[in-house]
Amino acid sequence: MLKRPALLWLLAPYALFLGALPLVDRVRPTVLGLPFLFFWMLVATLLTPVGVFLAWRGDRKRGRA
Amino acid sequence: MSANAATASTIFGVFMVLTVALGLLAVRGRGGAGGIAEWSVGGRSLGTVFIWVLMAGESYTSFSYLGAAGWGYNYGAPVLYVIAYMSCGYAIGYLVGPTLWSYARRHGLVSITDMVAHRYGRPWLGALVAILATVCLLPYIQLQITGMGVVVSTISYGAISLNWAYFIAFAVTTAFVVVSGLRGSAWVSVLKDVLVIGTLGFLAIYVPVHYFDGYGPFLHRLVAEKPQWLTFTGHGGSGLNGTWFVTTSFLNSLTVVIFPTTVAGYLGARSADALRRNAILLPCYNVLLFVPMLLGMAAVFVIPGLTGAGSNLALFKLVVDSLPAWAVGLTGVAAALSSIVPMAVFMLVIGTMWGRSVLGAVPALAERPQRQRLAGQVVVVVSGTLALLMTYTAPNTLVRLSLISYEGMAQLVPMILLGLVWRKLTLWGALSGLAVGGALVCALVFTENDPVHGVNAGALALGVNVVVALAVSWLGPKPADDRPDEEVLAGDPVPSEAV
């Protein structure tokens, strides 16, 4: 694990969905009409693949090095 | 039969025939050969795209149409746990998938029961886990049969009775899985994905426009009139608060990576890198889950007053209410395929576990992949029939069992995940943890103490499970096992080597 620090990106969804919950559990402000909690969950859903991609890119770089 | 019913039923029938035909086509030329590994893990030859559609197909079940909309309708925000745990689970699947894949490939294993038997050097442990896992999976098959039955009956405008619809669900799926196996399930998943994305994409735009003059007014009304739906604890005094959301999502994200059906998907992959790419793509699919949730909440305005099981039909009532018959038929096909694909993989996994880990112990079947496959296929028919019979005779028994399925399956996490990377976890430690955790889940669920002060009962039991497993491993007997670590443990294959 220490040899592959990029794997820490895999914890991003845990931080976004679970860690941040106390801060985002609210209706307002609405963003694009979406209640804030649902907006946040949508953002987290869209960022999850990005997090996994960053872990993958980290592995790729190590592979080439 | 009215004209509407005839149109919708015909579309449905045509697609069911097409489904079984696709299953046959998928295995053409490969069907007979390859034994149990071809049938249960597709000969370990599926590429990134097939693994993606297959695994998306497994997790996107009829629950997504019925339950997600129903929960959205009844409670609101708590339904978000589905998206949370799937996203987290898919992310750690980046690490777990290749680990299990390479372990299974190196030692010629086809299921999690095979893996524990190999890890702890005890074939009977594989048989035990297979039986436990079957008890946890059968309720899911029954839920899929029930779900598909309800959908079929609704979209045929009642022309197909519930009992016939249950039978159709069972017959199509069993026939399909016996002839085709995992490869066929991946093919049908493609058809399913096209229909699911098409229908949900359409409904996501159509429903707000049709009923509310667009998204702006719909969301505005939602925020203004139904704020209880939009934050935790949700609507209706469910007790599903933020603590419940966090513990449940966390627990399920661990469980989903070792869920026997997920593992079947992993093992079908051609390479470890196919699984890593898949872990990037798979979470994208979760965006689609917002649609039934929002539609469920839209139904609160359009058809208020659904209660109990009726709320599960929230989405379909909207569809039947607002769309022409052919579109109703297509939506029904998408939902039915959302039952068939996961149900097929569930049955396939049960057949594989039994063919290999339980019946494989029978001398006539040992070391004979062809016969194990046949035995597995027989088990598929038997388990499907059992689930169908229970749907008719004891519909509530299995629903009650399904309450403990996921939380019960979670108790296998230490035995499998911890055991595969940490040699010091002993057989007796893993077993004691499983026994204590399993007993605690049953006790809490059946005394209706789930959640316990907001904490998911399975998560609590998992904590106790780990403590017991560690304590017994440390203090208890240490079975002699002189195999080297490389033989027993699993590791994530180094990416640069695996590419």
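A Cβ is built for glycine as well, from the same backbone N, Cα and C atoms used for every other residue.
Listed in TrEMBL for this protein:
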- B:6-27: transmembrane segment (TRANSMEM)
- B:48-73: transmembrane segment (TRANSMEM)
- B:79-103: transmembrane segment (TRANSMEM)
- B:124-143: transmembrane segment (TRANSMEM)
- B:163-182: transmembrane segment (TRANSMEM)
- B:194-212: transmembrane segment (TRANSMEM)
- B:244-267: transmembrane segment (TRANSMEM)
- B:279-303: transmembrane segment (TRANSMEM)
- B:323-354: transmembrane segment (TRANSMEM)
- B:374-392: transmembrane segment (TRANSMEM)
- B:425-446: transmembrane segment (TRANSMEM)
- B:458-476: transmembrane segment (TRANSMEM)
- B:480-499: region 'Disordered' (REGION)
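Only residues 6 or more beyond the boundaries of the transmembrane segment (B:279-303), in the same chain, are considered here, and those with a CB under 8 A from a CB of the stretch are 48, 52, 55-56, 60, 64-65, 68-73, 76, 79-80, 82-83, 86-87, 90-91, 93-94, 97, 196-197, 200-201, 203-204, 207-208, 211-212, 218, 221-222, 225-226, 229, 314-315, 317-318, 321. Counting Cβ pairs under 8 Å that are 6 or more residues apart, the transmembrane segment (B:323-354) and the transmembrane segment (B:244-267) reach 3 or more and are in contact. Residues 59, 64, 68, 71-72, 109, 115, 245, 248-258, 262-263, 266-267, 269, 272-273, 275-276, 278-280, 282-283, 286, 289-290, 293, 296, 417, 420-421, 490-493, 498 of the same chain sit 6 or more residues outside the transmembrane segment (B:79-103) yet have a Cβ under 8 Å from a Cβ within it. The transmembrane segment (B:163-182) makes no contact with the transmembrane segment (B:425-446): fewer than 3 of their CB pairs lie within 8 A, with pairs spaced 6 or more apart in sequence.
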